[in-house]
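Asker: Below is a structure I'd like to ask you about.
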Amino acid sequence: MDVTIQHPWFKRALGPFYPSRLFDQFFGEGLFEYDLLPFLSSTISPYYRQSLFRTVLDSGISEVRSDRDQFLILLDVKHFSPEELTVKVLDDFVEIHGKHNERQDDHGYISREFHRRYRLPSNVDQSALSCSLSADGMLTFCGPKVQSSMDDGHSERAIPVSREEKPSSVPSS
């Protein structure tokens, strides 16, 4: 059996304007030519410029922030309703799952599903975790940090997702 081994250079992003993994952030929004062959467009046409809008979208829509006072996860899930999202805390991990069945959009029928898993810092107060979905589809998972690490026998528990009527007010960094 032949096994193809790729050099690590082929697995890296080609610069800050190209995402390193295509499907991490955009759940079924469609691909552009430069998403598949980013180096080809500049080779064929030296005057071709990448869309600035797409570059802005690639600049941190999904992110994890951990500072002195809180742990925060921001995730763009605009194609999912709160009923289609599940957020669980299992031991020291946050698991976010989104799934919707096949439905019609502008280009035909589409179904989407994703799983994300994040490790919680040991000093996050797991009894005060919250999760909300803004009107513009930004999921915000937040947990305050405490001074001493609390270990009260970790177990699995679900975190409800609440709907907000206003757009997300958390600026991306």
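We count from 1, first residue shown onward.
From the backbone N, Cα and C atoms, a Cβ is placed for every residue, glycine too.
Feature annotation from Swiss-Prot assigns Zn(2+) 2 binding site to HIS107; the stated evidence is similarity to another entry. The feature compositional bias 'Basic and acidic residues' is assigned by Swiss-Prot to 151-167. Residues or ranges marked as N-acetylmethionine by Swiss-Prot on the basis of experimental evidence: MET1. The deamidated glutamine annotation in Swiss-Prot covers GLN6, GLN50, GLN147. Residues or ranges marked as phosphoserine in Swiss-Prot (evidence: similarity to another entry): SER45, SER122. Marked as N6-acetyllysine by Swiss-Prot: LYS99. Positions annotated as deamidated asparagine by Swiss-Prot, on the basis of similarity to another entry: ASN101, ASN123. Taken from Swiss-Prot, the feature region 'Disordered' covers 146-173.
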Asker: In the structure shown, which of the recorded positions LYS99, HIS107 has the fewest other Cβ atoms within 10 Å?
Answerer: HIS107
Asker: Please work out which residue of ASN101, SER122, ASN123 has the most C-beta neighbours within 10 angstroms of its C-beta, and give that one of the modified residues.
Answerer: ASN123
Asker: Any idea what the Cα distance is from SER122 (phosphoserine) over to GLN147 (deamidated glutamine), rounded to a whole Å?
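Answerer: Here the two Cα atoms are 10 Å apart.
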Asker: Taking each of LYS99, ASN101, HIS107 in turn, which of these recorded positions have a Cα lying within 10 angstroms of the Cα of GLN147 (deamidated glutamine)?
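Answerer: Qualifying among LYS99, ASN101, HIS107: none.
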Asker: If one measures from the C-alpha of HIS107 (Zn(2+) 2 binding site) to the C-alpha of ASN101 (deamidated asparagine), what distance in angstrom results, rounded to a whole number?
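Answerer: Distance (Cα to Cα, whole Å): 16 Å.
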Asker: Among all protein chains shown, how many Cβ atoms are found within 10 Å of the Cβ of GLN147 (deamidated glutamine), not counting that one?
Answerer: 6
Asker: Provide, as an integer number of angstrom, the distance between the C-alpha atoms of LYS99 (N6-acetyllysine) and ASN123 (deamidated asparagine).
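Answerer: On Cα coordinates alone, these residues lie 31 Å apart.
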Asker: Round to the nearest Å and give the CA-to-CA distance linking ASN123 (deamidated asparagine) with ASN101 (deamidated asparagine).
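Answerer: Checking the Cα atoms of ASN123 (deamidated asparagine) and ASN101 (deamidated asparagine) gives a distance of 37 Å.
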